[in-house]
Amino acid sequence: MGNNYNMVNGGNTPSSSTHLLDLLDEPIPGVGTYDDFHTIDWVREKCKDRERHRKINSKKKESAWEFVKSLYDAWSGWLVVTLTGLAAGALAGLIDIAADWMNDLKEGVCLSSLWFNHEQCCWASNETTFAERDKCPQWKTWAELILGQAEGPGSYIMNYFMYTFWALTFAFVAVLLVKVFAPYACGSGIPEIKTILSGFIIRGYLGKWTLMIKTITLVLAVASGLSLGKEGPLVHVACCCGNIFSYLFPKYSKNEAKKREVLSAASAAGVSVAFGAPIGGVLFSLEEVSYYFPLKTLWRSFFAALVAAFVLRSINPFGNSRLVLFYVEYHTPWYLFELVPFILLGVFGGLWGALFIRANIAWCRRRKSTYLGKYPVLEVITVAVITALLAYPNPYTRQNTSELVKELFTDCGPLESSQLCQYRSQANSSRPLLEDSAPTMPGVYSAMWQLCLALIFKIFMTIFTFGLKVPSGLFIPSMAIGAIAGRIVGITMEQLAYNHHDWCEVGAGCITPGLYAMVGAAACLGGVTRMTVSLVVIMFELTGGLEYIVPLMAAVMTSKWVGDAFGREGIYEAHIRLNGYPFLDAKEEFTHTTLASDVMRPRQDNQPLAVLTQDDMTVRDLQNIIVETSCNGFPVIVSKESQRLVGFALRRDIIIAIENARRKQEGIMWNSRVYFTQHTPTLPADSPRPLKLRSILDMSPFTVTDHTPMEIVVDIFRKLGLRQCLVTHNGRLLGIVTKKDILRHMAQMANLDPESIMFN
């Protein structure tokens, strides 16, 4: 590779170690910043940070105050991730408590304490029974409040109506707040965060308005009963906190690359509070969202996840002394023959993932290209009404999705009153386990039918819900679909085991249906997101035991292999491509045999490349080039004849430098000569004052030869986070390759629309 690209220096530069920005005594304000929808220059940002670090180190021995400033600078990274963890944990706790209360509001209210949800309302009651532990005099359904009766067709219709009314109200308020105040608060947020962490600028996406509206509307969207979760949006919420707190520290507010280290730690904190899985959060940040992840970011991500989990545990939003609602512990070991159904669940997860990605992307593309996209409020209301009307009759779809996952994960025991566990209670009480027939009751068959209907409902509604203009996560709906399928398989396997006593120890309940639900949940989530290591760690942190790692690994890997057979993109990468964000996926392989000369601009039939010369242009010439072209930067050469490269100047920096010079320097006129050289020649006395732009010139732009394979060029762009790379032949400038050019070329090679890349 060393022969194909090098760092070049032009003009009178003394050596290749010359700093990227030859700074003046008074740096030009605004130079080095970025416009909206542009990509940052990672190399330049790293150089700026090194220069700042050198300056601090050189001054810290001058005085006690400078030494204190150096300590503050060193500890600012830990301070900002601590603040981010504290805010993420507190907001997650608030969202959990509010969503639970509003979800129960659809069914009734607690008259003794209006701020209590259904479960809390009945905690202190002495009039509850084991079979009907959720019924107490303090909790009143809407039918009891309005009609004065708890049973009968009239009360059912009234409860049905109020459930639909509240669901519609919550969804309407949520989409209205998003549409009016913060359009960026919709969706999961993870595709955009991945793009931002890769170096893209989306102004306002992680701002205070987005944070406030996303927090409020996330509660409303979850409470509305739509087939969505709060886990993905919690990552967005945590990243908003990280972005806001980074502005308190100049080290991060003035350097976009350093700020992304904070955002990586924030995403780890988001997953930590979403699943109660601090280690899984760190691995999620590393595996799924982060583009640049140095070792110190790993430590800070771990610390942020720890702080966030500690705060959430202190709040204890679920009242179970756990970080999540569906924490479970299993006490029965798994047997080798169970690997077969576990792998089959992995196959189901991979097929579901492939189906979901294709169907959801097709629907989202249709939404973008038809009138549906013009009426987001109407679409949300329609989906909310359909969801509520279809969900209410089935108890497994009526309840909150997190509670459904909890019930499906839970192992049947003597204290469980769920329909799914009726055969258990009968087996423990009246029938011996050695009978040839399985000791079931009609309640189990009824539950199985309801679960099958719930599975179909969840599959269809999740496809149409993800991508609505409300905060919508995908983790919990995917886990619910897998958990339903897993529980059905688990119950089936349990009945088979009762009829075949030679499968495991006689007299022991060797099959744990809840474990199958957990494995199915992991398989379906893996099929949709294509996560592997982080997903397994998140799932075993949920269960509190390492004993079930092998079943989880087998299901998740099978799910990924099956899903990859239909397409290697996960749902987040698919949405990045759908939205046209300039994201170079590190997981995607470039296998084509094209060269840099095939991709660079200008092509033979195109306009010549817009270039600047180092010492024979005027301010007017410079202004004309800026007006006539839309390039984000210009190569600077010695002369049009030699085409020898000197450096690279960004369009934004040139505009700012000219405006600053005309405002602050007397004598700068339209016919003033522009110099990118270190020394300016002696000019006649009547000549206008020259404009020196050496300080904004990148003296060491990356270059490749025209014969460099594109495979290497793509690798350079990925690993160094480049915005552009210049192409030379025998030292003469030929053209330029930008990130946009590479993405267009890759789309063209994949027979996709090359103009679908949104760049500026």
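Positions of Cβ are set from backbone N, Cα and C atoms, glycine also.
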| message | Looking at 289-316, 513-540, which stretch does TrEMBL describe as transmembrane segment? | response | 513-540
| remark: Among 205-226, 233-250, 262-286, 335-359, 513-540, the stretch with the most Cβ pairs under 8 Å to the transmembrane segment (371-392) is 205-226
| Sequence gap of 6 or more, Cβ distance under 8 Å, 3 or more pairs: do the transmembrane segment (262-286) and the transmembrane segment (447-467) meet that? | no
| Interface-richest range of 165-185, 205-226, 233-250, 335-359 toward the transmembrane segment (75-95), CB pairs under 8 Å | 233-250
| note | Contact set of the transmembrane segment (447-467) with the rest of its chain, CB cutoff 8 A exclusive, min separation 6+ beyond the ends, reads 187-188, 226-228, 352, 356, 359-360, 363-364, 367, 383, 386-387, 390-391, 394-397, 404, 418-420, 422, 474, 477-478, 480-481, 484-485, 487-488, 491, 571, 575
| Which stretch, 165-185, 205-226, 335-359, tops the Cβ pairs under 8 Å count with the transmembrane segment (233-250)? | 205-226
